[in-house]
């Protein structure tokens, strides 16, 4: 049975590795990790050069081995912050470039590996080394033992070594270049200037010392034991490398510094069944990047991790050859891998011990837990059975109730269908009546509009009649005023006639008195006539002058005086007769004038009475017509209200009884 083990990942850097670069956290060591490159950054293009027996993979974007443009299978590792007091910096982001997928890469294998390794992303899970108890609320990322290892894809080809030693080289073909071109500078011959030749070992040594270790490979086919040493007689990297950049870690060796003591130099993945040195190959990208950014002297990782101050660097020696540099780099990587393998062995032993303890504790707890689970399951089964029986009983009752409800609903449905059929028949029967009613409503609406128009006309006529009535009232007031004036004049005439009657009576009395007096005078005149006739005798006319008068006696004189008195009486009677005739004429004239005035007053009175009667008759006719119009208007309003109530379906109100009141005035 395979055991999954994990390496302890410190949250803070170790004291002895304070100045060393922090490598990404190492994941769980199992056979599920493939040898594909991590998404630290795209790999530079492959440069064709002298083939080597092995290849390197770039982790942070500088070097890549095996497959060039595979999709990443693990999340990108963020760059670590530089520790204060050191001059090491990462330049991984500067050299991260996009590279097109290689035709030799297998995308299907990458997808399968990504699907299998989806649960291994992120930091490694934490195991609880406490015996007897495990966390119950474990997250999805739980370590589980596995007895099988997936078949990992094999690298399609072995790339050349110069393709891992620098960024993308520019040239005519884009894939060929020397080692100096891979380091970023132009290609130069052995006769180049001494300054540029002196800077190359510094850059290479700084690059080799500053880069973190890469990922481990997935097979033992490319082990470090098969790597050639590339040792030549004329190359001495120990003497040519500067002391500040290539410190020696062994007797007589000055290749490259190894990993910092006490802390892992980078993420490593190993299988629980494999511990050979053929598991890992180095990545030179991050280690070479540390020397590209710094041009001055800087402390080595070993000296900075141990707390020692590096001496000032000596003047740069002449540049070594490419084979010597490659030899130094490979020896340094070999030492790094040996230290990593030792650390992996230690962590594997610790993880195996912890996992064995946890497994034994869980084996001891499993019977008790199984018994408790069995009892709990039996109790739950009994409760579930009782609950199910209760639910079955309730469901049976609900079923019977639903059957009763269904039968009742069927009956109601039949009743509703019958009512619906009756409603449809009524609707079909009421259709023609509805049309007739609509036509009647249209006709009545036309009549109503006509009646409204007539009502408006009658209202206008009523207003006109009202104005005429006002004018008639004004005329009536004027006629009454004239009548009062006429009555006053009539009263004055009556008083004048009365006075005239009184005067006439007085005149008639005086006339009667005059008549009586005239009768008396006539009688007296008759007597006097008779006396005068008796006394009148024809006298003897004298022949001469009237000597008789002279000689008459006194008696003759008396007779002659009496005859003179009779003549005066006659004259007075005639005068009185003339006055009587005149008085008679005046009385007749006054009687005629009084009679004419009486006739005129009577005619005026009859005219006023006739005018008042006509005015009263007109007023009564106007009043009756107004009452008739009001009754018609009220009847129309009642009909409209009755129609509205009939449309609304309400009962008609009782008709109101209108009493006509006629008031007549007496003249």
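Cβ atoms are placed via backbone N, Cα and C, with glycine included.
What Swiss-Prot lists as coiled coil is 329-647.
Annotation source Swiss-Prot lists compositional bias 'Low complexity' at 1-25 (among others).
Swiss-Prot lists 172-181 (among others) with the feature compositional bias 'Polar residues'.
Here Swiss-Prot flags 187-198 (among others) as compositional bias 'Low complexity'.
Look at Swiss-Prot and you will find 212-232 (among others) tagged as compositional bias 'Polar residues'.
Annotated compositional bias 'Low complexity' per Swiss-Prot: 241-282 (among others), in sequence order.
The compositional bias 'Gly residues' annotation in Swiss-Prot covers 283-294.
Residues or ranges marked as compositional bias 'Pro residues' in Swiss-Prot: 310-321.
Sequence annotations record features per position, and here Swiss-Prot assigns compositional bias 'Basic and acidic residues' to 516-526.
Look at Swiss-Prot and you will find 248 (among others) tagged as phosphoserine, backed by similarity to another entry.
Under the heading phosphoserine, Swiss-Prot lists 295 (among others), citing similarity to another entry as support.
Within the same chain, no residue at least six positions away from residue 568 (phosphoserine) has a Cβ under 8 Å of its Cβ. According to its DSSP assignment, residue 568 (phosphoserine) is helical. According to Swiss-Prot, the phosphoserine annotation covers 568 (among others), on the basis of similarity to another entry.
Residues or ranges marked as region 'Disordered' by Swiss-Prot: 1-132 (among others).
Looking only at the region 'Required for centrosomal localization' (1-333), the predicted model's pLDDT averages out at 45. The feature region 'Required for centrosomal localization' is assigned by Swiss-Prot to 1-333.
The annotation region 'Disordered' is assigned in Swiss-Prot to 150-325 (among others).
Sequence annotations record features per position, and here Swiss-Prot assigns region 'Sufficient for interaction with CTNNB1' to 445-667.
According to DSSP, the compositional bias 'Basic and acidic residues' (516-526) comprises 11 helix, 0 strand, 0 coil.
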